[in-house]
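Input: a single structure, listed below in structure tokens.
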There are 2 protein chains.
Amino acid sequence: MRHPAQAVVLAFLLADVVGTALLMLPPARTGAGGADPLTALFTSTSAVCVTGLSTVDTPHYWSTFGQLVILALIQVGGFGIMTLASLLTIVVWRRLGLRSRLTAAAETKALGPGEVRRVLKGVLLITVSCELVVAACLTLRFALGYDEGWGRASYLGAFHAVSAFNNAGFALYSDNLVGFVGDPWICMPIALAVIAGGLGFPVWLEVLRHRRRWRQWSLHTTMTVGATAVLLVLGTVLITVGEWNNPATLGSMDAPGRVLAGFFHAVMPRTAGFNSIDYGDVAGGTLLITCILMFIGGGSAGTAGGIKVTTFVLLFWAILAEVRGERDVEAHGRRIDERAVRQALTVALLSVGAVSTATVVLTELTEHALDAIFFEVVSAFATVGLSTGITADLPGPAQLVLVALMFLGRLGPVTLVSALALRERGHLYRLPEGRPLIG
Amino acid sequence: MRHPAQAVVLAFLLADVVGTALLMLPPARTGAGGADPLTALFTSTSAVCVTGLSTVDTPHYWSTFGQLVILALIQVGGFGIMTLASLLTIVVWRRLGLRSRLTAAAETKALGPGEVRRVLKGVLLITVSCELVVAACLTLRFALGYDEGWGRASYLGAFHAVSAFNNAGFALYSDNLVGFVGDPWICMPIALAVIAGGLGFPVWLEVLRHRRRWRQWSLHTTMTVGATAVLLVLGTVLITVGEWNNPATLGSMDAPGRVLAGFFHAVMPRTAGFNSIDYGDVAGGTLLITCILMFIGGGSAGTAGGIKVTTFVLLFWAILAEVRGERDVEAHGRRIDERAVRQALTVALLSVGAVSTATVVLTELTEHALDAIFFEVVSAFATVGLSTGITADLPGPAQLVLVALMFLGRLGPVTLVSALALRERGHLYRLPEGRPLIG
Ligand SMILES: [K+]
Ligand SMILES: [K+]
């Protein structure tokens, strides 16, 4: 294998194929016969890439067995991306000679079995504890607040807890979570699980280790936690204000309900994809703000998608440094390697390229309005799963484009960055400097 | 004055105000009374920023006097941006200690009156010769091919030649140039004038000086000419193929006519803004490709707008270098200063920010579809002037947003880059290096 990132891609391809095969089995469907290959492939990819887009009505199309397959794919996909991205980071940082806080260990170049075990154990511990707590909260609420039997309530609680922590956004209701828009006992545990999963394993590891000493956090953790807080506050304000008087969304609720729903929809684009209002009804401004939040996404080496907050913040800092006339990009008492800035630039602009290309292709393949198509494309690429409702109407080739986008969006940024970082090399000689006019 | 770029902004503001006042005079209108302030401001800004967007029907709303005011504003705006941007470049490069080929002259820090005169003379020479040749071609065609009297034909020829060379896109026909879609004797001189004006003064100066020795071209000229050629070929192919069977645009023409129209609409988004097909009828893909071409724009220190081709190419090279694992960004035997890359990044991302913000604001202010609004916003920011036809329907506040965008788009990139370049400074000490995970 020329590059460890190839192993990650192969692992996800394998899980996707196995998932597609399982979902094509007749017992996976409620109706007669097995699901057709495209539906199975789309659902399997959406689950294993923890996206949540769906061309069929999850609770009615899939049997309980089918739903359990989806749940397993979500868990495998979420666990897989957290562990594999973390291991990839260790490999890359070690080759670069950087001290990663993901591992206390040795100076060897290769990844030892002990380290792999430690990462697996850590991710497992965080995943299981978060999911258990959230599942318990949800189960109680489903049983006590909605008169579900304890068996059904536990199933609902577990499914939505797993779907939330892994940022998958699959729900067992035809309208996703629209029925629970005003219920903080459902919305808050789910939102917190989403945020927790989206921070990423490296952040969790460090926050747990340095519990009271946030001043000792690494640059990565400071950036991720800070940017997450800023994006959540900003998103909540913009979405709550933008939809305040929209009768089809927040307009009909009381003030606390509007703020709850506003917060919920600031959390969900980054990049869980649950929804408690209908994105077919929101204002144009909300749609665009949601697109921006989706594109930025969540933390690295977690269950969130998008270009990742650190990529975004790094570019922001680079611009700030430039406007201030400073030679170095600096933040939190650190000078940022110019290579990291160029890698962030590469990830961001290639992502813009992928989204633009897919948007152009989909406008050719379908008759839907540009805003709906663009929203769908960003949602697929950032593995969010929000939709204005056009997913099921898309023709086969358009669905295949989304399948490719989900895969690319899930694995593209992380494998690209590690590939770029591993190729870093110097020069034997430097050319004379040249400078074009710009602007 | 703290910064020479402020003088540029003040000069354009002054021209805009004078133009607005002149257009409000009753003789400027065909109808009774003077134009209302908003219409006059919009038209004056659109003319002086050589954009070409219009809220009224130019040939019917404005009298010949009004049209001559518009023509004068276009010429002042185009001449102004070429000379002022060139002078700004000389100032900046000299302070940076770079040898600019814009001036053979001295090592003094200040700009001498002799240099200013040389630049003015050079721009004047190129402008007048290009406009005279194109006006002559058009006049002949209008007189011989369309039975216009020689007086009227010269007026039409001169107006469209000035409008073309200055990349303004104003035409004296209600449907712009749709009536001439199949006429190469009108379309080709206009397209060539647009390309000539869009290359920029520094390129012209160098091409004329080193006529036969293109291997000795500076990095800036090589980049501008190369990227212009690539964008024109690529644009022609994509637009011709995309519209080939669209009965509302190219579908009804013969093959050479389709290629001519495809070429014409690959030239016009960069950033002249004439149109011979109706952008309200083109396919979604064509609209997006046109948006991308508009955003990239033309050459620096010319009459074109957008972020400029050199900005775009620089970012492309930075990504290429990163993907190849190279420490330096290199092209055409030159190493590009990392500061130039960061300045390109700053211009591009701040421009994306301006366009996104304006799009969100306009979706709140109007009921038009997102694709039409986005197209209009990019067109205004890149001073292109193409429209799907919504300009006249926009409410007052939305028109003011476009006025602000045209001004920002015309002066923002060039003044931003010179401000950034003049602030370049080193550091007394460097912080320890830090590196977040990205992707
Ligand atoms: K998701
Ligand atoms: K223009």
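Placed from the backbone N, Cα and C atoms, the Cβ positions cover glycine too.
For A:7-25 (among others), the entry in TrEMBL reads transmembrane segment. The list of residues near the transmembrane segment (A:7-25) in space but at least 6 beyond its ends in sequence, with Cβ under 8 angstroms from a Cβ of it, reads 1, 34-37, 39-41, 43-45, 47-49, 62, 66, 69-70, 73, 76-77, 80, 84-85, 88, 407, 410-411, 414-415.
Among the features that TrEMBL reports, transmembrane segment is placed at A:68-93 (among others).
The transmembrane segment annotation in TrEMBL covers A:123-143 (among others). With a threshold of 8 Å between CB atoms, the same-chain residues lying at least 6 positions outside the transmembrane segment (A:123-143) that come near it are 78-79, 82-83, 86, 149-150, 152-154, 156-158, 160-162, 164-165, 183, 185-186, 189-190, 192-193, 196-197, 201, 204.
Annotation source TrEMBL lists transmembrane segment at A:185-205 (among others). Sequence-distant neighbours of the transmembrane segment (A:185-205) (same chain, 6+ residues past either end, Cβ-Cβ under 8 Å): 78, 82-83, 85-86, 89, 101-102, 119, 122-123, 126, 130-131, 133-134, 137-138, 141, 145, 160-161, 164-167, 177, 220-221, 224-225, 228, 232, 260-261, 263-264, 267-268, 270-272, 274, 276, 298-304.
The transmembrane segment feature in TrEMBL is assigned to A:217-242 (among others). Counting only same-chain residues 6+ beyond the ends of the transmembrane segment (A:217-242), those with a CB under 8 A from a CB of the stretch are 101, 195, 198-200, 202-203, 206-207, 210, 250, 258-259, 261-263, 265-267, 269-270, 282-283, 285-286, 289-290, 293, 296, 298-300, 309-310, 312-314, 331-332, 334.
If you look at the transmembrane segment (A:279-298), the same-chain residues 6 or more away from its ends with a CB under 8 A from one of its CBs are 167, 198-200, 228, 231, 235, 238-239, 242-243, 246, 248-249, 265-266, 269-271, 304-309, 312, 351, 355, 371, 374-375, 378-379, 381-382, 384, 386-389. The feature transmembrane segment is assigned by TrEMBL to A:279-298 (among others).
The feature transmembrane segment is assigned by TrEMBL to A:344-363 (among others).
Per TrEMBL, transmembrane segment is recorded for A:400-422 (among others).
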